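Annotation source Swiss-Prot lists active site, proton donor/acceptor at Asp90, Lys181, citing sequence analysis. Under the heading active site, schiff-base intermediate with acetaldehyde, Swiss-Prot lists Lys152, citing sequence analysis as support.
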Amino acid sequence: MTDYARYIDHTLLAANATEQQIIALCDEAVAHRFYAVCVNSGYVPLVAEKLKGTDVQVCSVIGFPLGAGLTASKAFEAKAAIDAGAQEIDMVINVGWLKSGKIAAVQADIQAVREVCAAIPLKVILETCLLDDEQIVLVCEMCRQLDVAFVKTSTGFSTGGAREEHVRLMRNTVGSEMGVKASGAVRDRQTAQRMIEAGATRIGTSSGVAIVSGEAAAAGNY
């Protein structure tokens with residue numbers, strides 16, 4: 001039987017997320033033994049304090065949700081988040097650079113954050129809904145060469161979330177050693193199971209409680 005809890009990065013990334021909601025997120029993660037809590041970097045100190053002494057990891061997004069900032073700012077934010085207690089980093093690639101053919105710049109962007117995250121797992125968000133298969137494969141191969149821990153489908157803030165065919169393509173490209181995180185629109189146990197069967201080893205969702213309980217998630221959840 002699948003232990004769904006250990007796949008879940010319990011996530012709250014909304015701009016209007018309150019401290020009380022973040023605290024509740026942490027409490028749910030501890031109660032259900034989720035793998036991690038994933039938040040914006042400004043909430044990392046609070047989450048690190050709430051999760052101290054537990055097995056739940058602290059995950060921060062970087063360059064979120066557009067990925068279009070300066071590379072130096074992403075590296076700075078990642079270091080600041082780690083210093084504040086982040087144990088995993090999820091960064092967004094610069095999709096515009098990729099679609100402009102600036103492949104070396106995309107690689108340098110990832111590498112700069114990877115160097116900051118030398119001691120902790122880095123997950124690279126591709127925003128697959130904006131890419132074609134060739135671009136997905138290109139970034140996955142790039143991440144494998146840079147020894148990135150995970151490739152991740154989506155921010156959940158663009159035109160679409162995780163799709164089985166993209167998860168399967170990512171898994172087939174990176175092989176069995178790297179992680180694949182499916183995120184965005186994974187709101188129930190059936191969808192989570194399909195993503196896992198397609199090759200996902202982590203699920204980013206705000207519907208973790210619904211997934212582990214087998215219940216329906218609230219409308220509009222990440």
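Here the Cβ of each residue, glycine as well, is placed from N, Cα and C on the backbone.
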Would you please pick out, from the active-site residues Lys152, Lys181, the one with the fewest other Cβ atoms within 10 Å of its Cβ?
Lys181
Output, ordered by sequence, the same-chain residues six or more apart from Asp90 (active site, proton donor/acceptor) with a CB under 8 Å from its CB, or 'none'.
Cys38, Cys59, Ser60, Val61, Ile62, Phe64, Leu122, Lys123, Val124, Ile125, Lys152, Lys181, Gly204
Hey, does DSSP put Lys181 (active site, proton donor/acceptor) in a helix, a strand, or just coil?
strand
